[in-house]
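Only one structure is covered here, and it is reproduced in the block below.
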Amino acid sequence: MAKHGADEPSSRSGSPDGEDRASEDRSLLHQRLAVQELIDTEVSYLHMLHLCASDIRSRLQQLPQGDLDVLFSNIDDIIKVNSRFLHDLQETASKKEEQVQLVGNLFLEFQEELEQVYKIYCASYDQALLLVEMYRKEPELQQHIQGIIKAVVPQAGSSGLSFLLVIPLQRITRYPLLLQKILENTLPDASAYPVLQRAVSALQDVNTNINEYKMRKEVASKYTKVEQLTLRERLARINTHTLSKKTTRLSQLLKQEAGLIPRTEDKEFDDLEERFQWVSLCVTELKNNMAAYLDNLQAFLCFRPHEFNLDIAEGPAVQYCNLARDLQLEAFLKFKQRLEGLVWQPLCSLAKALLGPQNLIKKRLDKLLDFERVEEKLLEVGSVTYEEQAARHTYQALNSLLVAELPQFNQLAMQWLGQILRTFVTLQRDLAKQVLQRAEGSMAQLPHHHVPEPAFRKLVEDTLGRTSNQLHSFQETFEKVLPPPTTQPLLPGSERQVQALLSRYGPGKLYQVTNNISGTGTLDLTLPRGQIVALLQNKDTKGNSGRWLVDTGRHRGYVPAGKLQLYHVVPSAEELRRQAGLNEEPRCLTPEPVRAPVPSIPTVNQVIAAYPFEARSSHEVSLQAGQPVTVLEAQDKKGNPEWSLVEVNGRRGYVPSGFLARVPSPVLWGWNLPS
């Protein structure tokens, strides 16, 4: 009995140790099973990703490439990251005692990479589902897709694409659960326990960050859209809610401007916005300059002097025409095409890409006013409504998104802009190189090709100097012989309008437009060269004497004063013929010459050729600048006022009406142009 009593305490003391050991063994077994489950499911998951990326995507080439990019998003990046993760995970199996701790460290090591690739996929998941729903509305296409998926992944069933697309989302959310299962079967005093705790927390943070990123993307997609609405559509959207919201924001802004409440300062965002606006300004200026450059290039290409017959059989002029024709048809045309494709189109795409961030920045300001108002209420009352809480979250999401992505966008936009400028410079250099190569043969045939460059420059300067002196002498002689004509001849069709302005305002108020005017403001007029207007006021409402208020007889508005000159009123065509005695039979306007004009000689209105004109057919007649002409008909046989029937030196024919001018001055008989 004594022996039995002595053995009993020993039996009772050994029983708990055995139970603890058995519990540890069970935990260790469950731990190993959990680790094995992690590895096995990772293998199966990666295999499914490969099927999606290779077999299924390659067989869905019937879909547009844009749809495939949305459906499968960055699945290739996910495969790369998870392949490396699985390789390192399988290598931990060789170290049984340290495997659990290695698994925890592995998750901590891949935390950032997993978050980066999965947040992109999750952000585009909703858009992929919209495409899936759209495919279901097309029976033939849906049947084709289902057949492909059933052949590759039979277990997908009727879910089809939806079954495959959700797999990455399920996997990233399952990682914390698998780690938690391993943690639950790990002793608290084990060295792997704190590592697993950090890993579980890290993967939970990954999922939280992915959800926040997805929410920010949804907010961004909502406010990035730039809608072109008419005034009626904008008015139709106004309701009591929007009026109340805009009124509250305006009140908040006025309080801040008055200094009644503080303004929220965010230096980090302000710096980013300033840089973005600077980039946006650079893009806008470059786009405007490039548009003007293309317009000038088009005007240059339309000017083809080499196509005119110069009546020169040989010499430098012929060589120039051949070179100009060659450049016009090949080098310049190819340069324009490359400029539009490699510079203009990318520049327009960059300008379009700026619209989304610009709209987000604008919306952020509105949401900031809502956020500040809600924060004030939260401090005063201590609680806010669900709608106000949503407004807070919207601002925080917008601000976080802009702060996170504006630096990258600014950097990419600058790189894009720099590449466009480098391309433009390269195209210019290539054009210059082509022109020089094509011109080498023609330059060798020029008479002065052997002259050294300094001597050639001196020769050109001397030639230009002599030509300038001759031109100046000719101009002085011409001004002495013939008073300067009006800037633009008056067409017969506008005589009635001129008479109406004359009777209403008098001759001293009539002015003629010297150059085409394109109105840019609301009250500015757009007028062609030669238009007659009446001066109403020689300054605008701000006292600017460079803008005059005029009346065209139909409209009133402002025009630049520098493009107007005083118009000398002349009689109509019938009056001119009557004064010259041409009522019954047209004949030359030139009267008998007199030796010298005297003050008693009345002023006679004479029609002259304002510009030289070369007849191109027997129905036309040639003109020389300053040559007197007789107008027989102010229109052609079809009534077109752009052509006039005239008589010159006894020959009759048609000339452009725009080449004629009436000169109100004492007639100077018997003069001609200096030879």
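Even glycines carry a Cβ here, placed using N, Cα and C.
TrEMBL annotations: computationally assigned, not manually curated.
From a predicted model like this one, the values you see are computed outputs, not experimental measurements.
Taken from TrEMBL as is:
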{"type": "REGION", "residues": "1-26", "note": "region 'Disordered'"}
{"type": "COMPBIAS", "residues": "1-10", "note": "compositional bias 'Basic and acidic residues'"}
{"type": "DOMAIN", "residues": "30-213", "note": "domain 'DH'"}
{"type": "DOMAIN", "residues": "254-455", "note": "domain 'BAR'"}
{"type": "DOMAIN", "residues": "506-569", "note": "domain 'SH3'"}
{"type": "DOMAIN", "residues": "602-665", "note": "domain 'SH3'"}
Secondary structure composition of the domain 'SH3' (602-665) [DSSP: H/G/I, E/B, coil]: 3 helix, 32 strand, 29 coil
DSSP-derived helix, strand and coil totals, residue by residue, for the domain 'SH3' (506-569): 6 helix, 26 strand, 32 coil
Segment confidence, the domain 'BAR' (254-455), expressed as mean pLDDT: 83
